[in-house]
Every structure is written in structure tokens, then in C-alpha cells.
Amino acid sequence: MSSGRLLLLLGLLTLWAELTPVSGLGRPKFCELPAVSGFCKAYIPSFYYNPDASACQKFIYGGCGGNANKFKTIEECHRTCVG
């Protein structure tokens, strides 16, 4: 195979790897939990992973209760649930 074809094949494989969605196999189970504001009245902007949108989204946390799918920053949410 010529070097031009190998380079084209490598480029196509790289593109495919970048565009193929990552499966949730390595994602913690709590990332699948819904956003829960909790039962207190605080106003704490937070982030959760929305599996339907495959993205981290903002929500308001009340300060107590809730579940593990709650992050202080969108970066923390991405590191944990998106990969």
C-alpha cells in the first residue's frame, strides 16, 4: 500500500474515532440519576449530567438532600460523567 493511501486511511480512522460517541460503559452509575434540587431553600448554581442530552447542564441545588449527580463546576461534571 502506498504511503498516500496509508496516510488517508490513518486520517479517516482518526476522524472516525473523534466523531464516534463514547459509550457509557466507563461512566459511574450515579451519572444516570436525575437532577434533584433537594428539600432546602438555598440557591446554589450547580451542574448535573443529563443522559438524555449526553451533556452536563446547569440546575439550582437547594443545599441539602439531592443525590451524587451534582457538581460544583461544569468541568468537574465533564471529568466525571463525559470523559
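Positions of Cβ are set from backbone N, Cα and C atoms, glycine also.
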C64: disulphide-linked cysteine among C40, C81 [source: Swiss-Prot]: C40
According to Swiss-Prot, the disulfide-paired cysteine of C31 among C77, C81: C81
Other CB atoms, at most 10 A from the CB of C81 (disulfide bond): 23
Stretch-averaged pLDDT - the domain 'BPTI/Kunitz inhibitor' (31-81): 97
Integer Cα-Cα distance in angstrom, C56 (disulfide bond) to C81 (disulfide bond): 8
Residue counts (helix, strand, coil, in that order) that DSSP gives for the domain 'BPTI/Kunitz inhibitor' (31-81): 10 helix, 15 strand, 26 coil
